[in-house]
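To start, the structure itself, in structure tokens.
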Amino acid sequence: MKKLAVFPREFKSRHAWLLLTILSIVFAEVLSGSAPFGLLNPPEFLFLAAVYGGHLLVLATFVFRRNRVPTLAALWTAGAIFGMYEFYITKVLWDNPWDPVVVTQGIEVLTTVVLVGFWHPFMAFIAPLVVGEQLLVKDPHIAGLFPKWLRQPKRWVAVVLFVTVATNQGALTANPGVLAIVVPGTALVLAWAARHLVPPEKVESLADILPRGKPLIGVGLVVAATYLLFIPTWRPEVSIPVERQAIVWFIYVVLAVLLVCNLRNPAAPPTVRIPHPMVTRRRVFQFLAIAVTASVIPLTQVYAVVTIWGGAVIVAAVMMASAVRGAFGSGRPGSVLGTGLESNLRRLDDLNDEGLASTVE
């Protein structure tokens with residue numbers, strides 16, 4: 001009786017939803033500098049929770065209810081559908097606040113590729129699911145969809161990733177005063193979430209704690225309400241004629257078909273338990289020091305744009321090809337990239353583990 005009273009299913013599920021929402025906001029909005037106070041400003045948090053938490057929970061439920069072990073291509077496609085909200089809620093894919101680079105039929109092509117093809121699939125959707133699964137699920141598998149050098153990086157790789165994220169955060173925020181508040185404040189919120197939103201008993205799959213029934217309908221209504229509310233009120237000066245919308249809806253249809261087809265392919269990744277990093281005051285201040293330094297050096301903004309936008313275009317192209325191959329090709333089901341590349345990466349990983357890498361020519 002005590003066990004049932006301490007952690008009933010409602011506690012585990014609803015706290016998990018909040019945890020995933022917080023992670024999505026941190027990865028997608030706080031780290032990008034787009035909404036640095038996303039977790040610290042209550043009105044802003046409520047808006048971001050409706051957009052990010054709503055989309056993540058609805059799409060993740062759709063994915064994991066149909067395939068408890070989805071491929072990376074399936075997760076990427078769901079994340080791309082997530083990112084399409086930028087057409088209607090923020091409207092930045094029609095008319096971004098920065099200088100347009102490539103515009104076709106009134107659509108910001110490069111911005112669309114980066115946000116829909118990379119940022120939202122990985123930062124707003126997949127990354128929160130990876131971390132959430134590590135914290136909530138007994139045998140997590142999503143991390144196993146990635147190459148070993150990325151899911152279990154060596155020390156120097158981890159340092160490079162840490163410095164790159166901190167540098168990009170500082171360069172994109174470009175305000176030392178804001179960073180001095182945001183970095184420690186966000187770290188405190190994450191520490192609170194880790195302490196209070198992670199139950200001691202893990203579940204078998206994310207599918208077991210994602211919303212269903214009336215809660216899922218409620219989340220769906222919240223998502224619908226954000227569109228109905230913000231399409232006419234947010235940046236009303238941006239006109240969206242029907243012919244431009246036809247292109248967007250064509251993209252929606254293509255992504256929906258790719259998602260449904262890729263969900264037919266079960267993945268076969270290994271169970272990967274990533275060691276939880278120690279979030280200490282020292283590391284928080286190290287991150288803050290790097291970010292603040294980057295925020296006052298103009299050249300770091302160029303570095304941030306090149307690393308994020310340049311890499312994003314390449315990753316988006318690879319993932320789109322993987323999604324098409326997973327949906328219609330003859331690639332091995334469950335492959336990380338839908339090609340032989342992943343099997344080759346894993347073979348090299350195995351050789352390295354056995355000390356036989358020298359046999360590979």
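Just so you know, glycine gets a Cβ as well, placed from its N, Cα and C.
What TrEMBL lists as transmembrane segment is 44-64, 71-89, 109-132, 153-171, 177-194, 215-234, 246-263, 284-302, 308-328.
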Mind checking which residues reach the transmembrane segment (153-171)? Cβ under 8 Å, same chain, six or more beyond either end. 31, 33, 179, 183, 286-287, 290-295, 297, 300-301, 303-304, 307-308
Per the definition of 3+ C-beta pairs under 8 A with sequence separation of 6 or more, do the transmembrane segment (246-263) and the transmembrane segment (308-328) touch? yes
Against which stretches of its own chain does the transmembrane segment (308-328) lie, if we need a Cβ under 8 Å and a gap of at least six residues from its ends? 71-74, 76-77, 110, 113-114, 116-119, 121-122, 168, 257-258, 261-262, 265, 335, 337-339
Contact between the transmembrane segment (177-194) and the transmembrane segment (44-64) (at least 3 Cβ pairs under 8 Å, separation 6+): no
Is the transmembrane segment (109-132) packed against any residues at least 6 beyond its ends, judged by a Cβ distance under 8 Å, and which are they? 16, 19-20, 23-24, 27-28, 31-32, 52, 55-56, 59-60, 72, 75-80, 82-84, 86, 92-93, 96, 100-103, 140, 142-143, 206, 251, 308-309, 311-313, 315-317, 319-320
